[in-house]
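Lifted from Swiss-Prot, the feature list:
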type	residues	note
BINDING	Thr49, Cys50, Asn51, Arg52, Ser107, Glu112, Pro113, Gln114, Gln118	substrate binding site
ACT_SITE	Cys50	active site, nucleophile
SITE	His97	site 'Important for activity'
BINDING	Gly187, Ala188, Gly189, Glu190, Thr191, Ile192	NADP(+) binding site
Amino acid sequence: MSLLALGINHNTASVALRERVAFGPDCIDRALRELVAQPGVSEAVIVSTCNRTELYCSLAQGQGEQVLQWLQRFHGLDAAEVVSAIYQHQDEEAVRHLMRVACGLDSLVLGEPQILGQIKQSYAHAQQSEAVKGSLERLFQKSFSVAKRVRTDTEIGASAVSVAFAAVSLGRRIFSDLSQTKVLLVGAGETIELVARHLREQNVTQMMVANRTLQRAQLLAEEFGAQVMTLEEIPDYLHEADIVISSTASPLPIIGKGMVERALKARRFKPMFLVDIAVPRDIEAEVDELSDAYLYTVDDLQGIIEQNLETRKRAAAEAELIVQEERDDFMGWYRSQHSVDLIRDYRHQSQQVADEELQRALLALQQGENAEQALKALAHRLTNKLIHAPTQALRHAAAQGDHHQLAQLRQMLGLSQES
């Protein structure tokens, strides 16, 4: 048996191709059942996210091409469409690849933690479809523990490397407990949505969403339990906000110095933290002149991100060493499983020989043969049959002049070294 990792990701395939190769919730169970029904495939897990689709299989040697052909058939793809984007890893490299993916070392954003949850969900699907057991089950459990160790023993996830995460991280520098703050989000696009998710992870429950169109803001508000307002209503509510994070496509500033100054007076000059992620700016630069307003722009965040990315790169180097160590540990276990099968088969074969010769000896005794002669014959035949295969191997190695194999056979048979 062999382990296989086969797939495409953001480094090898366009978004258009990744969309065509993806496995959605509506087809994942059927796909798993079909995959494990392929000749030689005993286990399978399918990991499918926006940035990658990967098939992990335990299968007979040389069956990787069959898995690739199944993938093409399932999605109705021509070989020419995927051949340049597909990568395949076997055994040690397949193990290393999965562990790196689980740790976020192969992600578009180095060290991002979301991929681990996605892999766990994929593994759960495989369990529900009874598509995973044995070696592949052990590999995924091992990969989860490796990812946890990397998170614990390195700083791979300690620093913000996205604009949204950096904005929230800056807020924590000013307000140690974000759960006690009220946040105004200006805009309702993808970046603001990601900011809202990070805020929720920090237990922020008081959010306001201001947007040019209320429909999009309401969708965001429903998900995060936020209050909704138009951009024109911001002056009426700005004083309630401890934190303001803005990201719109407005060509002109939405929040001016005078508006913030009035809000600070209403707050009795309690500090206000503002992050302007937009280009061009949503918040007038002069706001930074106010003593109780702390304004950061996307340029400030970029500097933090670049500094943090260097920290993550150093942590990633440490993580790679952990992955290598854990891969070797898993492969030691995996190879030992092959010896378990071999030992079982060898014992079964030897037991069959012993049973046959025992029955032959008992029959001889029943027919009146002398007991001593019957036992001597039993010992002679049993010895000859049990040493036949090793003897043939020794003769073949000697005939080939293979001294290395002869030494290995001598050690295996427990023979003392030649004088």
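Here the Cβ of each residue, glycine as well, is placed from N, Cα and C on the backbone.
What Swiss-Prot annotates, mapped onto the structure for a quick look.
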residue	record	DSSP class
Cys50	active site, nucleophile	coil
Ser107	substrate binding site	coil
Pro113	substrate binding site	coil
Gly187	NADP(+) binding site	coil
Ile192	NADP(+) binding site	helix
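In the shown protein chains, 20 other C-beta atoms lie within 10 A of the C-beta of Asn51 (substrate binding site). Cβ neighbour counts within 10 Å, taken over all protein chains shown, single out Gly187 as the most crowded of the binding-site residues Gly187, Gly189. Across the residues annotated as binding substrate (Thr49, Cys50, Asn51, Arg52, Ser107, Glu112, Pro113, Gln114, Gln118), the widest Cα-Cα separation comes to 15 Å.
Between the CA atoms of Thr191 (NADP(+) binding site) and Ser107 (substrate binding site) there is a gap of 19 Å, rounded to the nearest whole number. Surrounding the centroid of the Cβ atoms of Thr49, Cys50, Asn51, Arg52, Ser107, Glu112, Pro113, Gln114, Gln118, where the record places substrate, the chain contributes additional residues within 8 Å, namely Gly104, Leu108, Ile115.
The NADP(+) site is defined by Gly187, Ala188, Gly189, Glu190, Thr191, Ile192, and by the 8 Å test on Cβ atoms against their centroid, the other residues of the chain that qualify are Leu185, Glu193, Leu194, Val195, Ser247, Thr248.
Take the recorded positions His97, Pro113, Gln118, Ala188, Glu190: by the count of other Cβ atoms within 10 Å of each Cβ, the lowest one is Glu190.
Across the fold, the C-alpha of Gly187 (NADP(+) binding site) and the C-alpha of Cys50 (active site, nucleophile) stand 24 Å from each other. The separation of Cys50 (active site, nucleophile) from Ile192 (NADP(+) binding site), Cα to Cα, is 19 Å. Rounded to a whole number, the C-alpha distance linking Gln118 (substrate binding site) with Cys50 (active site, nucleophile) is 11 angstrom. Cβ neighbours of the residue listed as 'active site, nucleophile' (same chain, under 8 Å, six or more residues apart in sequence): Arg18, Ala22.
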